[in-house]
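J.: Among the features that TrEMBL reports, transmembrane segment is placed at B:6-32, B:39-59, B:65-84, B:96-115, B:146-165, B:186-217, B:229-256, B:263-282.
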Amino acid sequence: MMTTMRASTAILLGLAIVGIVLPFTGLYVQFLMKCVSLALFAVAFNFFTGNVGLLSIGHAAFFGIGAYLAGYAVKEWNFTPELALGGSALAGAVLGLLMGGMAIRRQGIYFAMITLALAQMVYFFFVQAPFTGAEDGLQRIPRRAVFGMLDLSNDYVMYAFVLVLLVGVVWGLQRLMEAPFGQVLLAIRDNEPRAISLGYDVQSYKLSAFAISAAVAGLAGGIKALTLGFAGLPDAHWTQSGNVILMCLLGGLGTALGPIVGAVLIVTLESRLASLGVVQLGPLAIDLSSKVPTIIGLIFMMCVLLFRRGIVGEIAAAVAAFRAQRLDAKGG
Amino acid sequence: MFDFPIQVLLGQVTIGLVNGCFYAILSLGLALIFGLLNIINFAHGALYMLGAFGVYLAMHKLGVNYWWSLVAVPIVVGVFGALVERYLLRRLAGLDHLYSLLLTFGLALVIESIFRDIYGSGGLPYPTPSELRGLIDLGFMRLPLYRIWIVGISLVVCLAIWLLIERTRLGSYLRAGTENARIVQALGINIPLMVTFVYALGAGLAAFAGVLAAPIYQVQPLMGSNILIVTFAVVVIGGLGSTAGAIITGLGLGLIEGLAKVVYPEVSSTIVFIVMMLVLLLRPAGLFGREA
């Protein structure tokens, strides 16, 4: 138990230090804030799929509702950022309870299809609803002072604020998994019939995990809307659900740092490819900026075919194998 | 409230039936693939789109007419499906089925984005073949001949597939393989070959629907993912258990969608999902489902 506590503290410290150092390396703060919001989204997805073992293809709905709610609340109701973000998380949780309540009883493939279909329904709702601005989305969402004192219109202050949120949520979810609730969740994932026979209400545990994951995804959407000043239909589109699966898969599904690593890599890749523009490859002129979805899809397939444990998962497995080898050498 | 003209109603009903035919063919293929491979083929929409682009490109690049394409395009896409199964999906056999699902998801992304990169997101028109142009006068209304053709040929194809599965030797192997692949293989039946065949058949069916759809809907790269998500809802409603169930549910939901367009247009894009929610609440295993 001591070692896991220390490992999780080290992860949090490392995350915080890297997060604090990055703005001084000359990276755009806008880019870093996008990384933070998508990293939090990936953390949310990973919390459910990594710990419960069910694949959700509907998380874009939570990200989308969080983004729209935060944007609308700040813009039209003059909410303060902390209140708007709280609303995002709450909206995500409520939608998560509704969607999860319908889907959670079904297994594997059915669960995936139901979450996708319900999320698509939410998407159509956003297309028609009067408050989303349809194709235009909500633009120029203002940044107000948080808690009435920190001025978020400064990019660095805003970044510090969302970084604290990210580290705080990762810490909170880690504590939750160390608590009895998390241990029961893992027991259900590893052997559901046994957990049932021990008297646990398996469905409500899974549903709670889904709602928590949805709340964090909503918060991530809210952060995205406030930092980038924009909320729109792409946030809620099913490709966004696909993106978050890819981030977790690339970084390592079920690992603590994997989702964050995957999110940062994908955001970096997207912005790099977009800025490279047309590249001359021998006689071929290739416009890389339009190839982003193709390349993302290819990475997706390669992840599934070649390294299913993801980057962080592969490293962890290599370290474990190395340790086992050393133990063998000592013992032998 | 019910004061719309009968022509409008019947027009939407036939459009609904046409859509229902596409849902039926697509969910039939999904159910076949699910039965033997235990995966949901997320690339199904992309294969449908390939069918539509196939007939479009065959005409513009090769000068092949609609009728030859109707036969050739599903075969070509079926062969493509066989290659995907043999060289990609088979590597994941024996692992968690979610990985195969994610692979087809990635494959769909790649196929769609390649076509979107080349042809843009706009629709490309495909002319209705000259033999099927014009209207048929039924006395109380006029129906476009092409819609009747789609409904007719789709029903024939669905019936043929149903007969293949329920009434032939090959079909009995398939059904047995769905029940327990390992025992069937121990009895000397080549299950890996059948898996490839079934995936190719499902891919070919999806492409066939795509060819049929090209003249009434425009050919565009995202046509597949739009229809696929609705088809998933259809599959959840019908359950993946039975061939006939997939066909009946597909047609029924197409009709309901068509009626919704007349009665209450605002919900026409979501009515299938609403039905899905109701079914999930009342009959969680689906209307024809076997899964508990």
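Glycine residues also receive a Cβ, built from the backbone N, Cα and C atoms like all the rest.
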J.: Taking a Cβ cut-off under 8 Å, which residues six or more beyond the ends of the transmembrane segment (B:229-256) line up next to it in the same chain?
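T.: Sequence-distant neighbours of the transmembrane segment (B:229-256): 13, 16-28, 30-32, 34-35, 40, 44-45, 158, 161-162, 165-166, 271-273, 275-276, 279-280, 285-291.
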J.: Is it true that the transmembrane segment (B:65-84) and the transmembrane segment (B:186-217) have 3 or more CB pairs under 8 Å, sequence gap of 6 or more?
T.: yes
J.: At a Cβ cut-off of 8 Å, and with pairs 6 or more apart in sequence only, do we get at least 3 pairs between the transmembrane segment (B:96-115) and the transmembrane segment (B:146-165), yes or no?
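T.: Between the transmembrane segment (B:146-165) and the transmembrane segment (B:96-115), which are separate recorded stretches, there is no contact, as judged by 3 or more close Cβ pairs.
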